[in-house]
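I have placed the structure first, in the form of structure tokens, so that the comments after it can refer back to it.
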């Protein structure tokens, strides 16, 4: 047997160890004090109070106590006022006839302001775009319609051009942006075609980071780097300066166009500063923005055009400001793919030959490594990638201009001459030729041929917005149905009065029978209802024998 321990283990230690521990504790405390100094004092300092040597100590203490009491009373009063306001609001919800107190008009005004803000935020963005676009057209003397050089005809809106012509003495100039993504031959052909109608400027905006997945908030007045070269800036600048001198007054230049054509990037290139926000997501600019170039020329940035739903599927997929999350990606991407040359698509994306869009997207997903759970190819993800690349600013594709030039219905010879008046067209031709030479354009073999769907119809008036039209139709239908119901009720009442006079008591009894049976059915349980329905089915209809 082991002998039990009567005493606890001794806590005695050598002096060396004890001094070492004490030293470490001191160092630790010193470290804590240093950190506390850096952070600042967290503990509130105690009130030292009034010293005994101070004169009128008792009076000061009394004043302090009175102040404390007053503060507490004020807090309680505020609490009661808040409770009363809440009770009044509750009463107002139940009884609207109750009058508000004198303190409530201030809260009412604040509520009205908040409601206005909420209305503007909740307002349909398409309506806001239409309103802002009208403002830009009214305010501007010269309107620059920015076109994507890959599909210039598809970026033109006849409704907006008509509105500019109707506006009076306003000039319309076409700007072929993204001209570095198109072969030189094709660019020259488009330039000769568009110059027959309106003065056209070849332009290549400075390459800003706008094809990343997330929206980039651009800092104001951040200078552009030298590597981000802009082509066609001098030509456009000289054209606007020449018109300003001929008009003899300060001019406002509006920049308009469909989404993702590069309106904001054109303004940033002219100003040489990143003033307007740019990004991949369509419809970033939501209201007009004034940007002064110099003392005489002011540029106005505008929101994008609203695409009419009557357009073809490829036009809606390319020009719609809705994001790919809202639009069905497979439908949009397959509509774009149907207009492109299949062989060139195969060569560009290095995928096997395909017979339909689904085959292409499966092979494209496998090529890009887009897989779902289980290893199956993510077809929707591939469609989104194609859609974003096609509407972005890196993929090279081109369209052929029409073989013969036919003026659109809203143009005639007199309008064309009026639009060209005041501009130095010879100098513009020289500048365009110089900018075409300066642009590094891709070869025909590396770019994809795309079949344009023609002019894209847009919406200017708020009434023509499809959602507004649907609302109006619904309201009309509701009014008509309400009137019809009223009319029917009146006719039924009249007929009922006549019938009650003409009907015999036996017929009235027969009329009331079905109503009783209905009431019985409603109150009866389920097994009784089944029996009643079986009995009704078994009854023979004698009226058929006499027909």
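Each Cβ is built from the backbone N, Cα and C atoms, and glycine gets one as well.
Heads up, TrEMBL stuff is auto-annotated, nobody curated it.
Annotated range for region 'Disordered' in TrEMBL, selecting from 70-122, 123-175: 70-122. For the ranges 1-57, 229-285, the feature annotated in TrEMBL as region 'Disordered' maps to 1-57.
Across the domain 'CP-type G' (130-308), the model assigns an average pLDDT of 81. For the region 'Disordered' (1-57), residue counts in helix, strand and coil come to 26 helix, 0 strand, 31 coil, using DSSP.
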